[in-house]
Every structure is written in structure tokens, then in C-alpha cells.
Amino acid sequence: MKTAIFTVVLALAVFAVLSFGWEANEKALSEEFTELIHEKEAASETEARECRYFWGECHDRMPCCDWLVCRYKWPITYNICVWNRTFPEK
């Protein structure tokens, strides 16, 4: 009976140690993933376009490109960039 209790206690101790190691590994992976997301976010902000292209949503902070104009078009409920019938200069 003593060996059975000792075996159960030993097994619980082993499971506790393994569980602690798994949690530490999971937390490290979570932190690494968060850092990766922040790096990708920063990279996408630097690659932001200077103007909105055709059918893109437009507003004061993000105007349309030179050959487009910002207009309200039904049934779309926001302003979009549409062609102003000119061609961009190259």
C-alpha cells in the first residue's frame, strides 16, 4: 500500500514538473509570436501607400491618387475613389 501511494505521489510530482515546463514553453512562444506581429505591423506601416487606388475607400486622411476623385456611390455606404477621366502622367 505504501508503494502504491508513493508511486501516485511520484507520478503527480512528475506531471507537475512537466506541466510547469510546458507552460514556460507556451509563454515563450506566445511572447515570440507577439513580437513577430508587432514587427510585421511596423513594416506594413512604413509601406503604406501615399494615395488610395481605384475603388479604394477615401477620406480626408487618405486621399485618392491624382487621376481619381473621391465620390459617394450608391449602394456603397462610404466614399470611394473613382476615375476622373484623366490619365496619370508618367
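Here the Cβ of each residue, glycine as well, is placed from N, Cα and C on the backbone.
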Taking Swiss-Prot as the reference, C65 is linked by a disulphide to which residue in C51, C81?
C51
For C81 (disulfide bond) and C70 (disulfide bond), what Cα-Cα distance in Å is obtained after rounding to a whole number?
5
Please give me the CB contact count at 10 A for C58 (disulfide bond), counting all chains in the structure.
22
Given C64 (disulfide bond) and C51 (disulfide bond), what distance in Å do their CA atoms have, once rounded to a whole number?
5
In terms of DSSP three-state secondary structure, what is the assignment for C70 (disulfide bond)?
strand
Neighbour count check, CB within 10 A, over disulfide-bonded residues C51, C65; minimum at C51
